[in-house]
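Heads up: the structure comes next, in structure tokens.
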């Protein structure tokens, strides 16, 4: 018997997803299609009768706007929202802004897959001469981060290492209080939570593709452990196509 329910949603397609570019900590907004994805995700939650007590998101507008769109659809815009850099997307370092297919053609699909999907291999760091270095590293939303906390690049392992303390210290206590929690975040910060919840191996998390804009539902026991695998709110065809699209992102164009 489930003691709690948790809903995760990956932000809708961003303008840089649309251009197939590595976004990372660059603050790309939703594309028009991404806004529609978020709207459909919200409508799926509304149709299923979901209500929430508290929401968590990153400090990046594609996740925040997805959350706003969902809350609008379910008519719960008044809910408290906690924003944290710890739920940000993985920092793609020197790859930030590069087209994924062009990068695959240059470095090989295998190398790009390692950078995108490996557990502990970071991409090349973002150097001070990178075109988006000041845009990210000097942004005042990160002014309170220590030098150790502000990354120049991250592996998935690094992303999980900064997301999990927030999960354990801030989100889990809310779940255990019986609060109905909604998390709107990013592919890699959410994969970190999923890996932790399901006890997935490093190899399994490498192959996990989370679709954009589709609510992911977990039923949890009293210890905040899943009693069954994640469920997607949406028709099977929509979910399958979305997951395939995510998997195809790092492949060179034929």
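A Cβ is built for glycine as well, from the same backbone N, Cα and C atoms used for every other residue.
Annotation comment: Swiss-Prot describes 11 as active site, tele-phosphohistidine intermediate. DSSP classifies residue 11 (active site, tele-phosphohistidine intermediate) as coil under the three-state reduction. Sequence-distant contacts (6 or more apart, same chain, Cβ under 8 Å) of residue 11 (active site, tele-phosphohistidine intermediate) comprise 30, 34, 38, 60, 62, 63, 65, 66, 184, 185, 186, 212, 213.
Summarising the annotation, Swiss-Prot assigns active site, proton donor/acceptor to 89 and lists similarity to another entry as the type of evidence. Neighbour count (other Cβ atoms within 10 Å of the Cβ, all protein chains): 26 for residue 89 (active site, proton donor/acceptor).
Residues or ranges marked as substrate binding site in Swiss-Prot: 10-17, 23-24, 62, 89-92, 100, 116-117, 187-188. In the three-state DSSP reading, residue 90 (substrate binding site) counts as coil. Other C-beta atoms found within 10 angstroms of the C-beta of residue 90 (substrate binding site) number 29, with every protein chain shown included.
Listed in sequence order, 23, 28, 29, 30, 31, 34, 62 are the same-chain residues at least 6 apart in sequence whose CB falls under 8 Å from the CB of residue 14 (phosphoserine). Taken from Swiss-Prot, the feature phosphoserine applies to 14 (among others), supported by similarity to another entry.
According to Swiss-Prot, the feature phosphoserine maps to 23 (among others).
Taking a C-beta cut-off of under 8 Å and a sequence gap of six or more, residue 26 (phosphotyrosine) has these contacts in its own chain: 16, 96, 97, 132, 135, 136. Annotation note: residue 26 (phosphotyrosine) sits in a coil segment as assigned by DSSP. Positions annotated as phosphotyrosine by Swiss-Prot: 26.
The Cβ neighbour count for residue 31 (phosphoserine), using a 10 Å radius and every protein chain shown, is 18. According to Swiss-Prot, the feature phosphoserine maps to 31 (among others).
Residues or ranges marked as N6-acetyllysine by Swiss-Prot: 106 (among others). According to DSSP, residue 106 (N6-acetyllysine) sits within a helical segment. Within the same chain, no residue at least 6 positions away in sequence has its Cβ under 8 Å from that of residue 106 (N6-acetyllysine).
Positions annotated as phosphoserine by Swiss-Prot: 118 (among others). Taking a C-beta cut-off of under 8 angstroms and a sequence separation of 6 or more, residue 118 (phosphoserine) has the following same-chain neighbours: 155, 156, 206. Under the three-state DSSP scheme, residue 118 (phosphoserine) falls in the coil class.
Here Swiss-Prot flags 251 as N6-succinyllysine.
Here Swiss-Prot flags 251 (among others) as N6-acetyllysine, drawing on similarity to another entry.
The N6-acetyllysine annotation in Swiss-Prot covers 253 (among others).
The feature N6-acetyllysine is assigned by Swiss-Prot to 254 (among others).
Over all protein chains present, the Cβ of residue 24 (substrate binding site) has 27 other Cβ atoms lying within 10 Å. Across the structure, residue 100 (substrate binding site) and residue 89 (active site, proton donor/acceptor) place their CA atoms 16 angstrom apart. Calculated from their C-alpha atoms, the gap between residue 10 (substrate binding site) and residue 89 (active site, proton donor/acceptor) amounts to 10 Å. If you take the Cα of residue 24 (substrate binding site) and the Cα of residue 89 (active site, proton donor/acceptor), they are about 5 angstrom apart, rounded to a whole number.
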